[in-house]
Every structure is written in structure tokens, then in C-alpha cells.
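Annotated active site, charge relay system per TrEMBL: Ser178, Asp255, His289, in sequence order.
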Amino acid sequence: MWAGCSLSDFKQEYTVFAFTLLLYVLRSKMALTLVSSNKCAGGFQKVFEHESTELKCKMKFAVYLPPKAETDKCAVMYWLSGLTCTEQNFITKAGSQLGAAEHGIIIVAPDTSPRGCNIEGEDESWDFGTGAGFYVNATQDPWKTNYRMYAYVTEELPKLINANFPTDPEKMSISGHSMGGHGALICALKNPGKYKAVSAFAPICNPMQCPWGQKAFSGYLGPDRSTWEAYDATVLAASYSGPQLDILIDQGRDDQFLSASQLLPDNLIAVCSEKKIPVVFRLQPGYDHSYFFIYSFMNDHIKHHAKYLNA
């Protein structure tokens, strides 16, 4: 390849070769493997796997491509699921595809944590470790290397989606359920203007003050409670100074975790009222914490997002 080259020619050829190799490595890291594809509501519900640079493991995410995606760029709604979930819970139970097809919105639903990282204790409890990433960037051993779900959801995943699908990068929103509702709220509040809309089903609104949040934050972030504030929606709302953010929250009145003081929506609503952050909070009689509840009001949430994404 380099026979007969001068030193300067060699350096130039080597530089080109090294750059080409770097591009190949970067592209291979961004490569997606198709896991499944199903025709749905005129579009396609797909699941992909990839090597995550943030989480240092293979990750799966679901993406619904509406019929509009065949010819035009689409806005994207990110959905964050709750404790114990994978990407499958949302795409098989929430009934989001019809609304997404109607409004021309791509919906992306990642997994809820790194998996198979061989961390001691990662599978010992349902509300910490596997399936319970809590959408934070862990700072404590042994979690800090892999458990960086906040960076994954807000940075790595959007870049991956925008590089591989017909998206409008300027039009994205976020929603979620329970732990994922907490994730959606903090992502929107920590990144003013990044998300055009936010909504949540039964979100963990004040994790610093509830058993779920205290367990997760202690393990991932350590004992210094001041570091927890960066991932608490109620605390973040108190200092929010970005563009207007209209929040839609649905909460089942018969939700067992509401009565167990795990969700604490009143704390967030009080702060948002004081800060004049618009919140539509709907307490739905008879509904619990399950996907039956989510399915019942999913279309309302998609309409809420479409109002801002398609404006």
C-alpha cells in the first residue's frame, strides 16, 4: 500500500487510513440490529438492539414509525417506562400506535436500565438495579460505570434516533409512567426548551421524600442528599426558569402507590402553582397504577404532545 511513498506521502496516506478506520469504528458503535418488526396502525412497530457507549452494554429500544415517516420527517415522543419494565410493556399494552399514526409522531421507548452488567446485587430487588435505573447518572460504585440512564435518555439515544430515522431533531417531547414519569419530568425540567411538551402517568413526583426514591438515590448517588436534588422534579420545578412548560399528569385515584405515599403529586403541584408552571392534573376515579389505566388515557396524552410538536 505504501511501497515507494515518500515520508510526507506516507503520513498523508496513514492519516486518511486512520480517519477512515475511526469513522468505521464510530459507525459500528452506532449500528442498530433489528430485533422485531410488526405492521401496526398503518406504520411499523420495531425493536432494535445496539451497543450503548453510556451504559457499556447492549440495550434495546422500541420505535414506532407512523405512516408519515415513509415520506416526511416526524416529531419524536420519548416514553420512559416504570419499575421492572422493558420496552415491551409500553408497546404491547399502552395502545399508543393509533394515536401516533394519526398525528404523525414517532414514539421511542427505551429499556429502563442496563442489563447483564454482572454487577453484584443488580438482580436482588425489583426496585433497585436491573429494571430500576431511575433515570439518573450514578456516582457511586459499583453502579457509576453502567447506570447512566439520564445521559442515555437525554443525549445518546436522541443522537442515535436522529441518525437512523426520519426525525425532526427540533421537535421532541417526553412522557412516562411511575419511575418513568419521574424521568420524563426531570428531563424536561433540567433541559429548558429541549422538549416541546411533557406528560406523565402516576409519576414519582418527589423521590427525595418517598421510600422508592430514597432507596434508589442512596444507592446510585450516595448519602449526600444535596446531590439528590438534581433528580427530584419538585425541587427542580422550584428553580425552573425556562420557557413555558405545560405539564399534563394523570393519576389514578385508586392507585395503591398513591395511598402509600410513593408518588406525592401534591408536593409538585404546590410548587408549580407557586412558580406559575401550568399543570393539568387529573385524578381519575377508579383507576389504579396499571397499564389498563395508561391505555385508558394514552390518546389524550398523544394529543397533548401533538399540540406542541405539530404546532
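From the backbone N, Cα and C atoms, a Cβ is placed for every residue, glycine too.
Its Cβ taken as reference, Asp255 (active site, charge relay system) is surrounded by 21 other Cβ atoms within 10 Å in the chains shown. Rounded to a whole number, the distance between the Cα atoms of Asp255 (active site, charge relay system) and His289 (active site, charge relay system) is 5 Å. Look at the Cβ of each of the active-site residues Ser178, His289 and count the other Cβ atoms within 10 Å; the largest number goes with Ser178. Recorded residues Ser178 (active site, charge relay system) and Asp255 (active site, charge relay system) have their alpha carbons 11 Å apart, per Cα-Cα distance.
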